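Take a look at the structure below.
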Amino acid sequence: MATETDSGTETDRAPATEQGTGTGLLDHQRKEWLLGRGLYAIAGALLVFLWIPLAVMMILSFAVNASTFFPFRGFTLAHYAATFADGALMTSLWHSVQVATLAAAIATLLGVLASFALARYAFPLKETYRTFGILPMVIPGVVLGIALLIYFRTLLPQLFGITIVPGFWTIVLTHSVYGLPFVLLIVTSRLYTFDESLEEAARDLGVDPLTTFWDITLPIVAPAIGAGFLFAWIRSFEDFIRAFFVRGTMDVLTTSMFSMIKYGTAPKMNAISSFIVFVIAVVLAVAMNVGNVTGMVAGTESDEE
Amino acid sequence: MATETSERGQSAREQFVGAFTSRASKLGITSGPALVWLFLLLLTPLTFMVAVSFTSVDTLTYEIIWEPTLGNYNQLFAGQGPFWQTAFFQSLALSYFIAAVTTVLCLVLAFPLAYLLARRGGTTFKVVIFLVLLPFFTMYLVRAYSWYLMFGPSGVLNSTLMRLGITNGPLGIFNYGVPAIIVGLTHAYFPYMLLSLYASLDGLDFSLTEAARDLGASRAATLKDVILPLVLPGIISGSLFVFVPALGAFITPRFLGQGKVLMIGQLIESRINSLYAIGYGSAASMFIVLSIVVAFALAFRYVSIEDLGGV
């Protein structure tokens, strides 16, 4: 196709808007084509970069020799069997699920309420309030972990006479603060685009405020609340460093996995890690088809496909 | 509670609704709980951490001696030689270097992909975003571990190269160390940069770039004078979300440094966990906190906190 137009280009020029700069049409087209292909090639290479270590790990989780490919000795499910038979690991997985659920529930309750305050009312120091609400997400885990460790272990008992033994509840409290910003950001962005005249209409028609909230406001905001909960849950579930500092002697999944790597038990680590990637893939695929996860994550509002 | 005094037989439901009638009570009920929580579990611990960095700790009872001292800060920079040879200063400088390189690498890699995502919709978009988000939602620890398998003298990279006969022995570049850490951190925080850039490129009016091209601007000039200024907020917020966590990283340098590289997060952790040296740890943490405050202060000259939405 490009060769056919070759001779005609000099005389039959397309309108100037199509042409862009003074280069010939063939040249221009080829450049466009190359740039387009180049962009796809870069994107492809990046996806390979993002996926190759995870893919290697997943293959190794089924391999007899679990740390490198060579010499290859065949596939097995033995690592998975051993992993799910590991009582201590399964207990820590259960702890993680409990911690994440409780922490995300607290974060969601506090975050939703705070979002209403931020989106609906003007009050003094509102910007400061918002900044503090977002702060736990921004502070590095090492800093928050140490601050809370000192707080729970030394300051609360010494200065205030309150003793919370580091363990389950200290991790829940820590993660409830850590999860708050994720709920806050998602729910406020939803509330900002909320058409309040819907509530006014309901009230004008004689509905009491509680029913208005239940029948009008909540259904509209619910997807954002759900996404906020999911985010807070995942953040808690995958957090290592905060839990590591405030856990006392209790193990959650990440801290167990950390000791497994430290003491070099690769087979189980590959299996449990691959299992988690698989579970998250399923959850994410479902979530992406149910709600606008992309919009929530990228902070852009409802550009439905 | 107040059923006796309330005027004739108010139902519990009406009382509940009544509690929300005044503006002040609504504001209190909505903003209060999070405020209490943030005060108790964020503001107070952080404030005390600053205070602890200026006190000393009884080494036997671990009780804090509330007398102001600069001892912890002295300890950070005290050693045999000048201050730039102390373990703390070197790990701080190294952490800055690693975080900066990671940020630049993320920016360079994420830009083309974010541009592609902003220009192409439909299936391409959905598939690519799924493939990007999945590693992002996968546990951070798992991702650091997956690179731990790749690197090392007998890791997947080296053993594959040797098996294929490309090299005779393990390559130093694929051993554990600074390059491995940078790759691991780039992998870990790449999605933050991508999503920030995407959010800002997605709001970009591409007829502006077409106009620039029509008026004779080269591609490079269009990128430099039209696209970059408009996506600057995205670049800045993305860079913050890569630089800040990379500076305080712990797991990645631990696995991919294998003791050869000591970043500041590890240094603090080892002092706290082996010695419960909370004074030293707090003082060292202040340098991370201060760096972040400076980074954000600089960033807020160009973006508002609203732009830091999303992740």
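From the backbone N, Cα and C atoms, a Cβ is placed for every residue, glycine too.
Features of the protein shown, as given by TrEMBL:
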type     : residues  : note
TRANSMEM : B:34-54   : transmembrane segment
DOMAIN   : B:92-299  : domain 'ABC transmembrane type-1'
TRANSMEM : B:93-117  : transmembrane segment
TRANSMEM : B:124-142 : transmembrane segment
TRANSMEM : B:148-166 : transmembrane segment
TRANSMEM : B:173-192 : transmembrane segment
TRANSMEM : B:230-256 : transmembrane segment
TRANSMEM : B:277-303 : transmembrane segment
Cβ-based contact of the transmembrane segment (B:277-303) with the transmembrane segment (B:34-54), 3 or more pairs under 8 Å: yes
Cβ-Cβ under 8 Å with the transmembrane segment (B:93-117): same-chain residues at least 6 beyond its ends: 84, 124-125, 128-129, 132, 178, 181-182, 185-186, 189-190, 192-194, 197-198, 201-202, 235, 238-239, 242-243, 246-247, 249, 253, 261-265, 291
Region pair the transmembrane segment (B:173-192) / the transmembrane segment (B:124-142), three or more CB pairs under 8 Å: yes
